[in-house]
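Colleague: As annotated in TrEMBL:
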DOMAIN    455-661  domain 'G-protein coupled receptors family 3 profile'
TRANSMEM  461-481  transmembrane segment
TRANSMEM  493-514  transmembrane segment
TRANSMEM  526-550  transmembrane segment
TRANSMEM  570-597  transmembrane segment
TRANSMEM  617-637  transmembrane segment
TRANSMEM  649-665  transmembrane segment
TRANSMEM  677-700  transmembrane segment
Amino acid sequence: MEFIRNYLCITVIYILIHYSRIIHAIEEYNIQILFDRPDSINTLYWKDYTLQSENYISKLNSSIHVHFKYNSAESIDKSNPTDYQNYVKNKLKHLNNSSFDILILEDKFLFGDKYFIHSTYIEELFNLNNLHLLYEDLTDLTNKKEKLDFDEHLLNNGYYDNKLYALPYELDFDVLYCDKSKLNSLNLEKLTWNELLAIPAKYKNLLSFPLSNDDELLNIFIEYLNGSNGNNIKSIDNNYDLFYNNTSISNEIFKSFKNFILKLSTLDIEQYLKVTQKDSYESFLNGDSLFFKGKASHYNTMIQNNKNITIVTSLPPKNTSILSTKYLVINKNSKVDKKLLKDVALQLTSKEFQIFKANQFGTIPTLDLKQKKDDTKIKSLLNDKSNSEIYKLLNKMESFFITEFFKSDTSAPLIEIRLLLPQYLKNYINNTIDETSLQMIFDNIKNLVMNQWNYMNGLKIAIYVPMIIFTLSSVIIMILIYENRNHPYLKFFSPNLCNLIIFGFILSIISPQFSLQENSIPKCQIYYVYQTITTDLIVFPMFAITYRIYSIYNSKSKFSYGYLLNNRHLLNYILIALSFMVTYSTVIVCIFDFRIISYGDIETYRKPTCDLEVFDFSIIERIINGLAFLGMFIMIIKTYKDSKRYGQFKFLYVLIFTFIIELIEDLLSPKIPPTGHFIFFIMIYILSMASDLLCIYLLVGSKLIYIFKHPSDEEFFNSDNLSTDYFNNTDIAHFIPMKKKNNDNNYFLNNNAIDKKGEIAINNRNPTKSNES
């Protein structure tokens, strides 16, 4: 027994040890973190940065191992659109799979797929829609207030639709570096960029900076604008229209910037446009440049690696500098437990870790530095000699955020701006485009086509003048129909219902006024219901008229349908059907989210339109309207001879023609804006409006022309001689129109066709001789 007991104890201990190893193994986590490729200066400390950072996190939790990586194929300078496209596609590839659990993203990319309006250009180029949905929601972290010590403004920029998706990771800004021995004093606070050019210096380059780098070019353009006399363009809503709505001022702005760039270096402009960050840094170290335009994060590396020279720093002229932020996001597709990833995210952005990185590598923390009076750690960081110079600059800086500079309710997505605008600036500097092209680009960045300075006046004339003419013509036709409503040539077509159809076409004619203004979600929702009303006002009355005539010609009883088929009852049926469809559309509007998406890009023009974020429920409406069309087609074919005699086929022509025009409009509207052919864009709307008027002509035009040509008949049929009440009559025979006899020179009937009771003797399909006078 003793042996068995000992054996059991040993077995239990062995099992516990074995499972403890398994549990320990399960608790080991490897977290992959993707960074942007460090620039040529920060690359010097990358290995040390990753090693110490990874060790720092491991000390906090021995079971968690973070691994910092970047894409070695990524271009450092991103000097052309292809480089940036590859950069975006690489980020999206990793966000759409689980290869990386956490990503450190630049602010321009973070929510760069849209500000408010989506872009078909970006969606089609990158297969991208709603970038923020690829990030894990971090809103629950805001409850842990003791762990969020970020600058409030930077933290707010991590929100989208009131949800927190990103935590501020690192900060950076532009700084001018100079060898103190070459310039006794460096105080650029009161100087402008152009006054900087007046500093006497015998160097190849007054200012060395990577002009090939698209990000740096965009930065210096904005800094130059706000560091020059008379310019104060802090954002797209603050004097931004100076770029395009005043030719003389905008030309002066662009020419001044180009001249400034050309004077910075003795290099040929084509060579200067190829200068990389590595080239510009080496030029400064070799003494070929007075100033080097770098980053605040370069400070520690430059000081430690160049102890043979005394490097001093300054903000760009007027203390204006672009402030850029890197954000931490959690990949929603990561297979690692999200709660664990959130804990790691808090550790990587914690106050302690940020101060650690700042002391070791000179990175700029995203903390609320105003807490220095109450927080000894922040106070110690700011007073440290190795960092104090940079924080002094940060404290007095007039900062600009690229993400906010271009932000408005109608502006193009930042990824699109970042992709295309720098290349246009380079082309302008290199004299391959003129100021007019730049004006167009900046106009397109902010404004949709109906508000663009270049197109606004032409758009109003080309769209609204035909719209007014076609609308007035349609209203006149409605009046003429009403005045001749008792004429038998119109009576069987139900003039009141015809006017209802024409009213639907009028709504279609004036629809460009609303479709061109789809720049807000409420307008989209209203226009969605508006389109339902427009379509159904055309289709439902046509179906009602067709059904009535079909029923009359297929009825064996003279009184079987008369009461149900008079205009008043048909109008009630139409209103019920229309109410159902409007209610359906209203429910869709209230339940589901809409979005605004623009066709075209900032190189051409941007035309907005609306669609649903989810399933396109308008398909159901199209099916219902399609069934109505099919029903009309069947009824008209079944009564082929009579339908042809009374012009019923024109209903089909109208619907088919309307369908073809709508199809052409749907196919061409997305394709024309990217081509930049504005005249074709205008022609689409004019063609659509003209087709609506043509449909009205097909519906009643020939009938009105006939009435005009025979005024005696018109006077007779509109007189009081006709005692028959066609509106409320229950005799279906009264709905059949008069027919002209082959040997009769009068038009529809003679005066003796009226019987003693004052009623019309109406010919039917099998007229007898007694019907003839």
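Yeah, the Cβs are placed from backbone N, Cα and C, and that goes for glycine too.
TrEMBL entries are annotated by machine, without manual review.
Provide an account of the burial state, proximal residues and distances for the features listed.
Modeller: Residues 490, 495, 498-499, 502-503, 505-506, 509-510, 512-513, 516, 682, 685-686, 689-690, 692-693, 696, 700-701, 704 of the same chain lie 6 or more positions beyond the ends of the transmembrane segment (461-481) yet place their CB under 8 Å from a CB of it.
Outside the transmembrane segment (526-550), and at least 6 residues removed from its termini, the chain residues within Cβ reach (under 8 Å) are 492-494, 497-498, 500-501, 503-505, 507-508, 511, 514-515, 518, 561, 565, 570, 573-574, 577-578, 581-582, 584-586, 588-589, 594, 610, 618, 621, 625, 628-629, 631-632, 635-636, 638-639, 642-643, 646, 648, 651, 654-655, 658, 735.
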Colleague: Using Cβ distances below 8 Å and needing 3 or more such pairs, separated by at least 6 in sequence, tell me whether the transmembrane segment (570-597) contacts the transmembrane segment (493-514).
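Modeller: The transmembrane segment (493-514) and the transmembrane segment (570-597): touching, yes.
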Colleague: Same chain, outside the transmembrane segment (677-700) by at least 6, Cβ under 8 Å from its Cβ: which residues?
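Modeller: Residues packing against the transmembrane segment (677-700) from afar: 449, 455, 458-459, 462-463, 466-467, 470, 473-474, 477, 481, 490, 493, 498, 501-502, 505-506, 508-509, 512, 605, 607, 650-651, 653-654, 657-658, 661, 664-665, 668-669.
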